[in-house]
Each structure stands twice: as C-alpha cells, then as structure tokens.
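Undergrad: These came from TrEMBL, pasted as-is:
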- H182, H233, H299, H493: Fe cation binding site (BINDING)
Amino acid sequence: MGAAYRVASELALQPEVDYPNSPFFLGPEAPCRFEAEVFNCVVRGEIPKQIDGTYYRCMPDHLWAPLYDDDVFINGDGAIDAVRIKDGHADFKQKFVRTERFTIERAARRAVFGKYRNRYTDDIRVKHKIHSTANTHVIYFEKQLLALKEDSLPYAMNPDTLETKGVYDFHGQYTSPTFTAHPKIDPHTGELITMGYEAKGDMTTDVAYFLFDKTGKKLEECWINTPYVGMMHDMAATDKWIVFILTPLAGVPLDLLKQGHKHFAWDENKPLTFGILPRRDAKPQDVKWFHYKNAFYGHSGNAFDGEDGCVYLDSPLTYMNKFWFFPPIGEDMHRAKSAQRPMRDPVSHYVRWKFDPNATDLYVEPEELVNVNGEMPKVDPRYETKPYNFVFLAMTDPEAEEAPAGGIYNAIAKCNINDGTYEYWSAGINIALHEVAFVPRFPEAPEADGYLISVVNRHDKLLTDIVILDTADMAKGPVAIIELPFRLRNGIHGSWVDQEDLPGEDFVKP
Ligand code: V55
Ligand code: FE
C-alpha cells in the first residue's frame, strides 16, 4: 500500500479481527462491523413521490474473525439495512440482529461459534445455544420484522427502531426447531406458509409444514419425511398446494459432522427433488415426491394451480453447483468439477416445472420460459401463488465483456415469461448487483408496473449505492441513486413494506 506510514503493515492485526485471506473477507467484501444511521441521504435524480415505505434487507457480516479459515460468507452475523423512502427523500439505518450468538460473542469480543451449521465445532460451552445468525431474509408479519436463518427460529424486530425483540415462535405454536428463510405470505389471505427441515435435529429427514392465518393463529401442521437429507432453502405455494424443494447439497453423515465436516456436501448422485402437499388439511401420507436430474436450484420465482389440476412452479435452474464452497465429500472446493462451468448451454435459465398430483411417472423435465442467466427471482407480490406474466431477475449481462464483480450480478432484468423476452439494465463493470424489491406504481397498477429498488456495491469507489429503477423503461437505468457514504457487503434477501402497513412511529427522530 501507500507510503503514508509503512509501519501499519508491519503491525499484526489483533486476532479477533484477523480475517482469513479469502475472497469472502477481502477488499469489497471486508467486514463492515458498524451500525449506521443517515438522515436524508445524498440522492441523485428524483425519487418518485408515490414511493412511501421501507425497504429492508439482510446482510451477513462476520463481526469476528471466524474460528475456521474456510468459513463461508453465509455464516456472517445478520445486519438489517433499512431504507425509509418518503416524499422523495431517503433515510437509512443499519443494525445487527441481537441474536443469542451476537450477544455471547460480543461479550467475549471474539468468535465462539464455529462452522456454518455445525454445533460440534463450537466452543463446548455454547453448543446448545441458538445458532441463528438471522442473516438470510427479513419479512414483515404481525407488525414486526422477522429476521430469518433456516437453522433456527425467527428473531422478531421492531420495524422502526430495528431493535431485536427476541426469538419468535408464533406464541408457542411453532413446534420445529428450524424455520425456512423463505416462507410465503399469500397476498390474498395474508396467511403465512412455512416449513422447517432437519426438524428433529441435524441430518434428520423430518420436515414440518405450517400454515398460519394473518393474525398468527396456526391452521395447519403436518410432519413428513424426505427421500434424503439436503438443503431445502426455498419452497413454493399455490392456492391449493405447497411445494418442498430438496437439493443435492446433501447433508453429510452425522459422524462426519461430529468430526467437524461442513454441514452440506454436493452429491452428484442425488436428484433435484420436489414434494407436493395439499396446503389445507394436509396429511403425511398426502405428500408426493417428484425428481429431476442432478442440478442446482436456488430460489422459486412463483407457483400457481393450473386449470388441469396440476401444480406449476417457475424457477431459475442451474447446471452446476453454485455453492462451490460445499464441494462433494473428499473434494477440494477450488477444484471440484461439479462447481465448474459445464459445457452445456445455457448454464442457467428460467424454467417451468409441472407436477401432476395423479402422475405415475415421478420424473419431471422442466420447460424453458426465459433464456437468461439470472437468480434471485422476484415477482410482483400481488401475483404470488397465482398465474402471472413477469419475473424480475438479477442476472449476468450476456453482452458485457467482463464477468460481474465478485461473481455476483451486473444487470437487472424484467422478463416476460409468456414470450421469453426481457428488458434489462446493465450496470457496467466493477459493480455487484443484488436482488430487487418491487413497489407497484400505485395500488391498482398493472402487474410489474412500478419501481425496483436494489443495492449496488461500487467496487470502483468502495462505496454503496441504492438504486431505483422504473420498470416502464428498464434500459434507461436508475431514475434515482441514493449514495451511501460507506461500503456495504453483498446482501441476501429483502422485503418492501408499504408505510400504511407499518406501525407509524418515527423511523429516525428528527
Ligand atoms: C442460502 C443462504 C443462506 C443459507 C442457506 O442463498 C442458503 C442461499 C445466507 O444464508 O444459510
Ligand atoms: Fe434465499
């Protein structure tokens, strides 16, 4: 580095902040470790006056150097970013979720918990404490934020102050120790559809499905078993059905876990697997399992009931292990063939799955809807669980000369699933784009007509922007750019909440 004072590089970092020499912790992904409040952010352009609400997102941020050098970014402490937009202005706030783990490690001033989802690598004194980092998704239910991690129960937070209220178990009604990071809220009934996997402990095939009404009253609980243990990161729901998604990121044998192995390992011999279960009056014997080949499934776009009685699920599908940091057992994560770009084209596309409840052939082959290499799908929330026409994706610009920075995304697309066309904004080089949130232009606006909000990490200036796009003209790029005076890290998922649904306290006190 520069010559200012050379001694800086000669002095060792204190051990609790001496992060591994890994791309998860270096340069634009160096831990942030701060909480923040910015009143009236610097804005370029014009924030449309109709936008009135708050965008929340989760950002994993290791407060402490991990105990293991091969730790993964999805094991970082959950920080919640909140952008309150009103009258063309934006206020920003970021706070860590006060998980049990956060509190214990803060008191110790160092990491105490070990590897991702491996309690056998923890300091023995915290082995039975709550593992959640609350770093994956933040949703709004019962007038509170729920910060989610799929290995634990949600943490409830105040949506205005971002103060953590504590673990949320639906007033004692939720009986699984795990809770997905991707529950669905039915926009028509306000019901919350959710599940937990490895629900009788590490590496168990037990899955618990729950349906709650909009007041949090439990309507359904059904326990089933999967054909094998694997990551069940997302799920899907229609009016009549729920879909479980079981991916070949298989759980390792329990004795390997106890020896300190990573929780998941890609298994080239396991098929991507789907289970359908009636959403109401669900009985364990009603679940029906379908399978495809060995392939990677990240997130669901949407699902709906067909007039033919079949269940339709749309999603990106990827023909390589995107979670390269969970390689097959015995393989080096930097060399595993399963994580290398395959010869086939496309490597990833947006597809439709069809599940016939009366089928006798349980093999399913998807149909391509849009030939676009994208992930983090978002549909207009008013169309979730119903037939729909558009999906937004964070994507790799097929025409860009450079790959997206840090292996993330460099473009945002609005895709028409009926004809496979898409319009997109390409943000250029040296940036990392993330999932979008959609805000309708007005309550009765046509599907997908409105605004997108997303976070852009500017690797060129090591700062972060929050951009607002108008879906009527994607290629034009942002109509407004909120320029934060600091750098954030790659985030995971987020939610938009309209102001009329929020409790209405002051977000930041003037
Ligand atoms: C994902 C993210 C996670 C996790 C499991 O994006 C899967 C997928 C941020 O944590 O724990
Ligand atoms: Fe996810």
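Every residue gets a Cβ built from N, Cα and C, even glycine.
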Undergrad: Neighbourhood of the Fe cation site (H182, H233, H299, H493): other residues with Cβ within 8 Å of the Cβ centroid, in order?
TA: T136, H137, A181, D234, G298, S300
Undergrad: Report, as a single number, how many Cβ atoms besides its own are within 10 Å of the Cβ of H233 (Fe cation binding site).
TA: 20
Undergrad: Does any of H182, H233, H299, H493 have a Cβ within less than 6 Å of an atom of ligand 1? These are the binding-site residues; tell me which, or none.
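TA: Cβ < 6 Å from ligand 1, in sequence order: H233.
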Undergrad: For the binding-site residues listed here (H299, H493), which one has the lowest count of neighbouring CB atoms within 10 Å of its own CB?
TA: H299
Undergrad: What same-chain residues, at least 6 away in sequence, bring their CB to under 8 Å of the CB of H182 (Fe cation binding site)?
TA: H137, H233, D234, M235, H299, S300, H493
